[in-house]
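Enquirer: Sharing a structure below in structure tokens format, with a few things to ask.
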Amino acid sequence: MTFKSGFVAILGRPNVGKSTFLNHVMGQXIAIMXDKAXTTRNKIMGIYTTDKEQIVFIDTPGIHKPKTALGDFMVESAYSTLREVDTVLFMVPADEARGKGDDMIIERLKAAKVPVILVVNKIDKVHPDQLLSQIDDFRNQMDFKEIVPISALQGNNVSRLVDILSENLDEGFQYFPSDQITDHPERFLVSEMVREKVLHLTREEIPHSVAVVVDSMKRDEETDKVHIRATIMVERDSQKGIIIGKGGAMLKKIGSMARRDIELMLGDKVFLETWVKVKKNWRDKKLDLADFGYNEREY
């Protein structure tokens, strides 16, 4: 039997559903999700393998006009995938008109000379007439290999999109073992799970000035638990107070919810300790960015 494989980038503006799509395809949380723009900061691989094929999806940070060194890193991280992949999924929302951000991405896609599939997400939010109008508008901007409307949240048409990708794969190697689902180490996934809970629980009170560093992660033979020490970094003292909460209640809730997700991922009992530290203006300091896991050479 011929084995087929390929690399597929998922590109688009912030908050269009790229991570939701990847998690649905993989059947579990690989990329964190929150209803805030620019939640994804690093490129994250989701490795989808069957007995006939391997599709390596690369979920990228939402492309936006950067205002900080972190923003520069995120946008360059997204565009750099164009040099690495066989196909691009350009994801746009069905419930928002084409904007300047979309046009900026389209110009880069035209120059990249990579086959592009337009994925119109969130079709569950619009009337079919609005969907057709959205598709026509984008169809006039560039030559797409395919146009596929989906609802990543509800799963509508997602399997059809995967089938289309499979049909267009070339014969190739199996790059990763069948049981590997991502390229990131467990520490990265743990830090992302803690960060997701911070964003979810603090809502609009904490902007994207939060990073999480896993200081240590090891099994305690006496308790038979994985002991994890993680530090939540913020830029201001006021943000530290919000995350800790009255009497430490918010930090306890963040830790409890994150621990449950980490236990599901690891298949182990976990003891999670969290601290909050202030590192002023870390998003504009390249040394801090590297320390907190935003390293161009790695991700």
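Backbone N, Cα and C define each Cβ position, glycine as well.
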Enquirer: Swiss-Prot tags one of 121-124, 137-140, 165-168 as region 'G4' - which one?
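Expert: Spelled out, Swiss-Prot records region 'G4' over residues 121-124, not the other listed ranges.
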Enquirer: Per Swiss-Prot, which of 59-62, 99-102 is region 'G3'?
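Expert: Within the set 59-62, 99-102, Swiss-Prot attaches region 'G3' to 59-62.
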Enquirer: By DSSP, what is the split of the domain 'KH type-2' (202-280) into helix, strand and coil residues?
Expert: 33 helix, 29 strand, 17 coil
Enquirer: Return one of helix, strand or coil for LYS18 (GTP binding site), based on DSSP.
Expert: helix
Enquirer: Under DSSP, is ILE123 (GTP binding site) part of a helix or a strand, or is it coil?
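Expert: Where ILE123 (GTP binding site) sits, the three-state DSSP reduction gives helix.
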Enquirer: Sort THR60 (GTP binding site) into helix, strand or coil using the DSSP assignment.
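Expert: Note: THR60 (GTP binding site) is coil by DSSP, not helix or strand.
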